[in-house]
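Chemist: Annotations for this protein, taken from Swiss-Prot, read as follows:
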type	residues	note
BINDING	Lys111, Ser112, Thr113, Tyr114, Ala115, Arg116, Thr135, Leu136, Glu137, Gln156, Tyr170, Lys179, Gln180	dCTP binding site
ACT_SITE	Glu137	active site, proton donor/acceptor
Amino acid sequence: MAIMSDKWIKEAVINHSMIRPFAEKQVRVHNKEKIISYGLSSYGYDARVSNEFKIFTNINSTTVDPKNFSEYNLVDREVDVCIIPPNSFALGRTIEYFKIPRDVLVICVGKSTYARCGIIVNVTPLEPEWEGHVTLEFSNTTPLPAKIYANEGACQFLFLKSDQICDTSYADRQGKYMKQVGVTLPLT
């Protein structure tokens, strides 16, 4: 597998609508204010987080169970700045909608701006022929409240192209998160 360049990413967007909307250069300023960057980079794409968040809460005294997940574990917010409580967790989603080619696997890494503040972003790999908004998991590892800025960069996606096309893609096996829109909770 090889990591793909900005040139390849642009071509995949033009020919296959791989990322929508797409910023073909790094955006660092919006309305004359500095923001956390997003857009195309040398070997990846920095995606933005939308203003939809689900923040973990303990007000209902429930247990987090990935096999039987309860929405009572979360508080929904549509905000420009999401405040994650100390040592807590929030879900968001990318503004961008992704359509992954059959011979590509995508991995996500966090942005150093957030990592240096103790905020970790986690996403499982985007598999061949998966498509949808990416649900982002934000962990606040600090003992203080932490901010996530909607409509700004949140993570970077790296595109790995295989020398062989897979026998079975995510679409072929009808993966449960196929074509997800919005923040998607755990499914079993």
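Each residue, glycine too, has its Cβ placed from N, Cα and C.
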Chemist: Check the DSSP secondary structure of Thr113 (dCTP binding site), expressed as helix, strand or coil.
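Modeler: DSSP call for Thr113 (dCTP binding site): helix.
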Chemist: Once the chains shown are all counted, how many other Cβ atoms turn up within 10 Å of the Cβ of Tyr170 (dCTP binding site)?
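Modeler: Taking all protein chains shown, Tyr170 (dCTP binding site) has 20 Cβ neighbours within 10 Å.
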Chemist: Write out the long-range same-chain contacts of Glu137 (dCTP binding site), meaning residues 6 or more apart in sequence whose Cβ is under 8 Å from its Cβ.
Modeler: Phe89, Ala90, Leu91, Val121, Asn122, Val123
Chemist: May I ask you to report the DSSP-based helix, strand or coil state of Gln180 (dCTP binding site)?
Modeler: strand
Chemist: Around Ala115 (dCTP binding site), how many other CB atoms lie within 10 A of its CB?
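Modeler: Taking all protein chains shown, Ala115 (dCTP binding site) has 13 Cβ neighbours within 10 Å.
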Chemist: Enter the number of other CB atoms within 10 angstroms of the CB of Thr135 (dCTP binding site).
Modeler: 20
Chemist: If you draw a 10 Å sphere on the Cβ of Thr113 (dCTP binding site), how many other Cβ atoms land inside?
Modeler: 14
Chemist: Tell me which residues of the chain lie with their Cβ under 8 angstroms from that of Gln180 (dCTP binding site), as long as they are six or more apart in sequence?
Modeler: Gly132, His133, Thr135
Chemist: Any same-chain residues 6+ apart from Lys111 (dCTP binding site) with CB under 8 Å of its CB? Would you list them in sequence order, or say none?
Modeler: Ile36, Ser37, Asp46, Val121, Gly153, Ala154, Cys155, Gln156
